[in-house]
Amino acid sequence: LFLAVCAVGIGGTFQYGYNVSIINAPTQHIHRFLNETWSSRYHKELNPDLLTFLWSVIASIFSLGGLCGALIGGSMAIRLGRKGALLMNNVIAILASVLMGISFPTGLFELLIAGRFLIGINSGIGLCVQPLYIGEVAPKHLRGAMAMGSSIFLTGGILTGQIIGLRELLGGEAYWPLLLSSSCFPAFAQLLLLPWFPESPRYLLIDRGDELSCAKALKRFHGSSDYRREMEDIQRECFALDGEKPKKPWQLFTDRGVRWQLITVIVMTMGQQLSGINAIYFYATYIFKQAGISAEKIPYVTLGTGACECLTALTCVSNNYVGRRYLIIGGYLLMSLWSTVLTFSLTYQELYSWVPYVSMASIFAFILSFGLGPGGITNTLTAELFIQSSRPAAYMIAGTVSWISFFTIGMLFPFIVNGLKQYCFLVFLLECSLVAAFIFLVIPETKNKSFLEIKKEFHKLNFGRNS
């Protein structure tokens, strides 16, 4: 089970985290490449506004690709199987790496845009299918701990991207095409490792009706003595579904039986993206400067933020013992607290010499709080709140909401910061508090419960207390 999490993680959420962080290091080198390419092609200087536009397209087309990936990920998981979809996804990553790698020698910045779009599609599919696979192969008592694999690989990808993007490694001017095309290595690793693992047993029995392959897969994952309990659980769910085919995303919106599960997933996914974590990373460089850290050393201090998030994801495996509900509510409430502290410390930054250090501490505390709850538990709950026929469609909706929110915050965030300055954290404070209140009022604890038991819990909400 542990090795299966590693095999799906390296080509799944790891790719997303890695490709989000590696684009920051070569910013200046890509600007120079765009200027030089434009000059040699059109024999005139590139307009600064057009340069900004081209750079923003290269950076943001990744999220547009992610949205497309989220929209097709669920269908791929149904048609090719969870494992088949992940293996096919690596072909897209390798093609993207080739396009980004040859953009500089060929002098075609359009290939860079196409490559970023394709790697976005790869990340969108990975974010959709990986938690689906992990949620379905995990026994219920280990589901929380195993689902944290998605978060661990995502934060591990961010940290790896930050390290490899240092100027001593591939962040230097001569190596940036290699840096952008290095995402083919996780893809090759998954193509080598994943074929050794079975397909999701739930998919084999419920979607394919293949009881023999399901039993074989369960024996591999749970051992020949312990697999029967899990087999019975899958058979109960299969019987309850009574041959129901996998649903399309639009069918979930009209299904009263999943109304509150769907509202919950949309609120949590938007809450995760709009919580202020992007603002924290944006403000980190400014705060480190204010604390007296030299510009050359800031990339190394920024590594601390990546390491901090990765460490939290690793320690958050404890959600198996504490429960998802307490962790996610606690995470949002702590983020609300640190937003308040950060607003005050940024307001009085110039007053005392020690205040910038309070801001630095708040940044690390905010990231730890995000990893504790919203960062790790959101994907776990999406798998747990839906039964087999609705789960792929739910991940497609969650992925779509996540990528649209990611794109929206990327576009609006500079304006929010310019307009509100440090008071932008008051907006995030309000958002975190509202999401915490929603989860407290709506979501039941899902720890150690089967998918059918969780469905029963929501039945009261969906159809009224007396039904």
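Just so you know, the numbers here start at 1 and follow the chain as drawn.
Using the three backbone atoms N, Cα and C, a Cβ is placed for every residue, glycine included.
Straight from TrEMBL, the features:
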{"type": "DOMAIN", "residues": "5-447", "note": "domain 'Major facilitator superfamily (MFS) profile'"}
{"type": "TRANSMEM", "residues": "53-73", "note": "transmembrane segment"}
{"type": "TRANSMEM", "residues": "85-105", "note": "transmembrane segment"}
{"type": "TRANSMEM", "residues": "111-133", "note": "transmembrane segment"}
{"type": "TRANSMEM", "residues": "145-164", "note": "transmembrane segment"}
{"type": "TRANSMEM", "residues": "176-197", "note": "transmembrane segment"}
{"type": "TRANSMEM", "residues": "326-348", "note": "transmembrane segment"}
{"type": "TRANSMEM", "residues": "354-372", "note": "transmembrane segment"}
{"type": "TRANSMEM", "residues": "393-417", "note": "transmembrane segment"}
{"type": "TRANSMEM", "residues": "423-443", "note": "transmembrane segment"}
(message) Check the transmembrane segment (176-197) against the transmembrane segment (423-443) for contact, please; criterion is three or more CB pairs under 8 Å, pairs 6 or more apart in sequence.
(response) no
(request) Sort out the residues at least 6 away from either end of the transmembrane segment (393-417), same chain, that have Cβ-Cβ distances under 8 Å to it, and list them. (result) 59-60, 63-64, 66-67, 69-71, 73-75, 77, 124, 127-129, 131-132, 246-249, 251-252, 258, 261-262, 265-266, 269-270, 272-274, 278-279, 282, 382, 385-386, 424, 427
(request) Flag the pair the transmembrane segment (326-348) / the transmembrane segment (423-443) as in contact if three or more Cβ pairs fall under 8 Å (sequence separation 6 or more). (result) yes
(message) At a C-beta cut-off of under 8 Å, are there same-chain residues at least 6 beyond the transmembrane segment (423-443) that contact it? List them, or none.
(response) 260, 263-264, 267-268, 271, 274-276, 279, 324-325, 328-329, 332-333, 335-336, 339-340, 342-343, 346, 374, 381, 416-417, 461
(message) Within the same chain, where does the transmembrane segment (53-73) have neighbours whose Cβ lies under 8 angstroms from its own Cβ atoms, ignoring anything closer than 6 residues to its ends? I mean 6 or more beyond.
(response) 16, 19-20, 23, 27, 30-31, 34, 46, 85, 109, 112-113, 116-129, 392, 395-396, 398-400, 402-404, 406-407, 410-411
(message) Which residues of the chain, 6 or more past the ends of the transmembrane segment (145-164), have a CB below 8 A from one of its CBs?
(response) 1, 5-6, 8-10, 12-22, 130-131, 134-135, 137-138, 170-171, 179, 182, 186, 299, 302-303, 306-307, 309-310, 312-314, 316-317, 319-320, 371, 375-376, 379-380, 383
(message) Give the mean pLDDT for the domain 'Major facilitator superfamily (MFS) profile' (5-447) on the 0 to 100 scale.
(response) 84
